[in-house]
Amino acid sequence: MLTKSGAKAFFLLGTGLCSLAFVLLTIDTFHRIPAQTNEDQITESVKKGKDLWEHNNCMGCHTLFGEGAYYAPELTKVYQRRGEIFIRQMLKDPRAMYPNDRKMQQYHFTEDEINSLVAFLKWSGEVNLNGFPADPPLAPKKTEGVGPADLATHVLPKPEIFQQMCTACHTLSGAGGSVGPALDGIGNRKDTAWLKSWIKDPKAVKADTTMPTLPLTDAQLEEVVQFLSSQK
Amino acid sequence: MKFKSQKIAYLFFATCMLLFSLQLVYGFIMGFAHMGLDVLHDWIPFHAARATHTNLLVMWLLAGFMGAAYWIVPEESDREIIFPKLAVVQWAALVIVGVTAIIGFHFNWWEGRKFLEIPRPLDYLVVVDVLLFIFLIGGTIWKSKRYTTTSMVLFFGLLMAALLYLPGMIPTINQTVDSYWRWWVVHLWVEGVWELIMGAIMSYLLIKLTGVDREVIEKWLYVIVGFTFLSGILGTGHHYYYIGTPKYWLMIGGLFSALEPVAFLGMAMYAIVMARKGGRNNTNRIALAWTVGTGVMSFVGAGFLGFAHTLPQVNMYTHGTLVTAMHGHLAFWGAYAMLILAIIAYAMPVMTGRKLSDSGMNTFAFWTSNIGMTAMTVAFGIAGVTQVVLERRMGMDFLAVQKEVEVHFLGLVMAATLFTVGIIAYIWNFVKFGLPSDEVLIERK
């Protein structure tokens with residue numbers, strides 16, 4: 001039968017060995033973190049972005065590296081997923097992007113602060129997180145062209161800006177957000193001129209629309225309109 | 001009550017009741033926000049409510065541990081607390097720092113690092129305050145020269161908790177390093193040294209309530225805290241899977257966190273077996289219910305539900321979802337909240353001389369709050385699993401999924417209401433006990 005001193009020895013030995021192992025692993029981890037996290041790419045701007053991230057308690061709603069609260073989206077790969085234009089627009093005027101959805105705080109960031117946050121999120125997205133976040137295994141397989149196969153020749157390649165901005169709210173072929181209507185077959189319903197004036201200034205076409213005016217260049221606008229027109 | 005200075009515990013216990021009530025209010029704000037009713041957005045936005053909710057929890061649990069220590073240590077050491085007036089100052093300082101931090105959160109004054117939101121200048125004050133507390137407790141034990149296992153485990157638990165606050169203050173430019181140290185504080189607290197404190201308080205309660213021989217109880221205390229550290233220290237690895245640290249943490253963290261339920265199972269069996277062993281017909285059955293309850297609920301919440309999502313293959317999809325909230329709620333309730341409520345339930349009749357422990361109100365509080373919390377956990381669990389399947393497995397958009405789970409938060413708010421009714425009953429009972437009285441000091445031999 002176990003005696004009290006035996007129990008005490010078990011406690012002290014177990015704790016001692018595990019603590020030692022933990023400290024050694026910590027030292028090893030710290031040797032490896034710089035390479036795994038691209039520490040050489042932590043610029044002044046990234047540092048400032050991290051400060052802003054903490055100063056405003058972004059983790060109180062969002063997660064980064066899967067850590068934080070579960071009220072707002074995971075941001076680890078937001079730079080890679082949504083791109084810079086979307087992040088900038090979101091930080092400038094959060095309500096405009098998702099008008100009827102969960103509200104984000106309006107922070108009135110300066111241009112410089114937005115640059116820093118973008119740099120921080122870009123750096124975060126490039127850290128090797130051992131495969132997190134995983135691609136959803138049950139998601140519909142992404143195909144480059146959209147629509148039935150026999151129409152594939154008429155379909156233009158998906159512009160990058162479309163992937164970053166439009167899919168935040170709209171779905172196409174089952175992928176994307178659910179804020180705005182699905183865009184499948186939009187080319188059958190609307191002509192090029194309408195699409196152009198709509199995307200350029202949605203409020204001018206329909207005053208009470210919740211669609212934001214997107215910061216697109218003329219070339220990007222043209223690209224998106226052509227792409228949408230080809231969705232038949 | 002044997003010693004006059006044990007009355008200091010009352011200040012801390014009353015603080016617990018106050019902060020706990022406030023924590024519930026902020027919980028409701030978040031519950032409603034998740035339901036889509038974010039009406040307080042302009043005054044108390046979600047991130048302020050969240051920081052307040054979790055920090056109030058940490059604060060009231062710490063206040064509870066401190067109160068428990070001021071209650072237990074004089075008795076175990078067989079002498080009064082040294083400098084009892086200083087202990088009151090220590091209490092007041094804790095309250096001031098806490099209140100300042102909570103108010104600051106509402107004015108964007110914080111350090112936005114999950115669970116360690118308290119801004120840096122206040123961190124230093126916390127350290128000073130805790131050092132003062134450690135000095136008072138340690139000094140009392142030192143002067144008495146009566147070192148019981150229970151009081152030593154309690155003391156070292158509290159000392160390590162204070163020391164482990166420091167890694168969280170190491171400055172870094174790298175988010176990964178930041179997270180690494182943050183878990184030294186948070187994980188090594190809740191799955192390490194806080195369990196020492198928990199084990200010690202439980203031992204004290206079991207010795208008092210069951211009448212089982214101290215030697216037997218303290219022997220098993222060693223075994224259980226031994227298992228806690230054996231699994232819990234390297235179990236920290238389950239926070240290091242996906243934050244930018246080497247891949248070997250997946251194996252180490254997975255293996256050792258799979259062992260963590262053993263410690264909690266031990267804790268549960270310990271409480272049950274000792275309670276059965278004790279032939280003594282104890283007069284405070286509700287305190288024993290809370291004590292055994294903390295063993296059982298901590299096994300389910302911390303042990304089992306923790307295990308369920310710390311396997312790396314599962315955690316890949318559950319990391320950073322509502323599943324974590326499910327585990328967190330029952331774990332903290334079972335392991336620590338119930339424990340504090342147990343020591344308060346035990347101490348109040350002894351401190352005030354009013355034997356209200358077997359009131360119907362107390363039984364009602366116990367069952368209602370436990371059923372309420374279990375229902376909350378189920379609501380979180382369903383919402384969390386739905387989120388994982390739709391968002392992480394099927395690739396639906398985050399906000400679209402949140403719309404889908406809004407209805408589960410209606411269930412959550414209903415369960416939380418039930419829970420709150422139970423807690424109100426507990427606090428009502430606490431108030432009815434009244435203030436501690438010196439007249440009950442006669443029990444001293």
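Each residue, glycine too, has its Cβ placed from N, Cα and C.
If you look up TrEMBL, you'll see B:12-37, B:57-74, B:86-110, B:122-142, B:149-166, B:186-207, B:219-242, B:248-275, B:287-310, B:330-352, B:364-389, B:409-428 marked as transmembrane segment. According to TrEMBL, the feature domain 'Cytochrome oxidase subunit I profile' maps to B:183-445.
Listed stretches B:122-142, B:248-275, B:409-428 were compared with the transmembrane segment (B:219-242); the greatest number of C-beta pairs under 8 angstroms is found for B:248-275.
The transmembrane segment (B:287-310) and the transmembrane segment (B:186-207) are in contact, since at least 3 Cβ pairs between them lie under 8 Å (pairs 6 or more apart in sequence). Tertiary neighbourhood of the transmembrane segment (B:57-74): same-chain residues 2-3, 5-6, 8-13, 15-16, 19-20, 23, 80-81, 87, 90-91, 94, 98, 115, 133, 137, 140-141, 150-151, 154-155, 158, 161, 194, 197, 200-201, 204, 332, 336-337, 339-340, 343-344, 347, 351, selected by CB-CB distance under 8 Å and a gap of 6+ residues from either end. With a cut-off of 8 Å between Cβ atoms, the residues of this chain six or more beyond the transmembrane segment (B:86-110) that come close are 5, 8, 11-12, 15, 19, 22, 43-44, 48, 51-52, 55-56, 59, 62-63, 66, 70, 117-119, 122, 125-126, 128-129, 132-133, 136. Long-range contacts of the transmembrane segment (B:364-389) within the same chain: residues 286, 289-290, 293, 297, 301, 305, 317-318, 321-326, 329-330, 333, 401-402, 404-405, 408-409, 411-412, 414-423, 425-426, 429, each at least 6 residues beyond the stretch ends and with a Cβ under 8 Å from a Cβ of the stretch. If you look at the transmembrane segment (B:330-352) against the transmembrane segment (B:186-207), you find at least three C-beta pairs under 8 angstroms, all six or more positions apart, and that counts as contact.
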